[in-house]
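Participant: Encoded as structure tokens, here's the structure I'll be asking about.
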Ligand SMILES: N[C@H](CCC[C@H](N)C(=O)O)C(=O)O
């Protein structure tokens, strides 16, 4: 079966996008196939796959997100921006601002005049300051919050020379976060409203160039720890700077938004059976 796909990037976090509005692709969206499609040497290559599916009652659509290892996750912040742009393009932009269901809850997307997209995230939960014992740190105390998916966050003087696979995988697989595991974010404070962040992602099992829910988690924990006001900017490994907005009452956050780019890179067709017949021209 030939699959028509689009490739998009949200600040360097990149995705295979598929139109599954008629649900015809569902039998093919198994973990093995998704892992093969996301493989950077034998497939299209991506951090994950996003499928546009019919709404199940809320919002205009349903968003399904799968990591590169084929595991399905409840939410993806950079992916949500790409999803909004893709879903809008599929309907010739007639819908204007759109909303879509995710396993984490309803997400709203606003298309900004400068081409960026603002995502209204679900209410964060399970915020924990110093979530690990004082003697169990990763160069500094570890904090936690769920911004649609689980995130551990560590603030360091610098993240430039960090061995993020060693530090990230330690937290990702730490017993404190089992059995689901967690993503791991490491941030340096450049000024009260500007951070530099690097993220090790669950399900990619490596550093990604940006992680939307991770930068959100990091911004909110920074605000909780330092009273920094909204918005907070974050420089990500891919070179972009994105913005997190929020309202805060103590450790309770509402009206959380993530603003950043979503770009189309290419489109193509791929044979799901793996053997591509080159047409004789
Ligand atoms: N790897 C994450 C999901 C994708 C998060 C990230 N790509 C984002 O932009 O939020 C997890 O399994 O929890």
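Using the three backbone atoms N, Cα and C, a Cβ is placed for every residue, glycine included.
Owing to the predicted nature of the structure, the values given are computational and were not obtained by experimental measurement.
So TrEMBL lists these for the protein:
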- 76: active site, proton donor (ACT_SITE)
- 76: active site (ACT_SITE)
- 211: active site, proton acceptor (ACT_SITE)
- 13, 67, 77, 78, 183, 201, 202, 212, 213: substrate binding site (BINDING)
Participant: What is the number of other Cβ atoms found within 10 Å of the Cβ of residue 183 (substrate binding site)?
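Facilitator: 26, counting other Cβ atoms within 10 Å of residue 183 (substrate binding site).
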Participant: Which residues in the same chain, at least 6 apart in sequence, have a Cβ under 8 Å from the Cβ of residue 213 (substrate binding site)?
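Facilitator: Result: 75, 76, 77, 121, 147, 148, 149, 151, 183.
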Participant: Just counting, how many other CB atoms are there within 10 A of the CB of residue 202 (substrate binding site)?
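Facilitator: 24, counting other Cβ atoms within 10 Å of residue 202 (substrate binding site).
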Participant: Please identify, from the active-site residues 76, 211, the residue with the sparsest Cβ neighbourhood, meaning fewest other Cβ atoms within 10 angstroms.
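Facilitator: Each of the active-site residues 76, 211 was scored; lowest Cβ tally within 10 Å is 76.
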Participant: Give me the long-range Cβ neighbours of residue 13 (substrate binding site): same chain, 6+ apart, Cβ under 8 Å, in sequence order.
Facilitator: 47, 48, 76, 78, 79, 208, 209, 210, 211, 212, 238
Participant: DSSP on residue 213 (substrate binding site), three-state: which is it?
Facilitator: helix
Participant: Note the Cβ centroid of 13, 67, 77, 78, 183, 201, 202, 212, 213, the recorded substrate site, then list each other residue of that chain whose Cβ lies within 8 Å of it, in sequence.
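Facilitator: For the substrate site, the extra neighbours are 47, 48, 73, 76, 79, 149, 199, 204, 208, 211, 214.
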Participant: Take the Cβ of residue 77 (substrate binding site) and count every other Cβ within 10 Å, whichever protein chain it belongs to.
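Facilitator: If we count other Cβ atoms within 10 Å of residue 77 (substrate binding site), we arrive at 27.
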Participant: For a quick check of understanding: given the listed substrate-binding residues 13, 67, 77, 78, 183, 201, 202, 212, 213, what is the maximum Cα-Cα distance in angstrom, as an integer?
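Facilitator: Between the outermost Cα atoms of 13, 67, 77, 78, 183, 201, 202, 212, 213, the distance is 15 Å.
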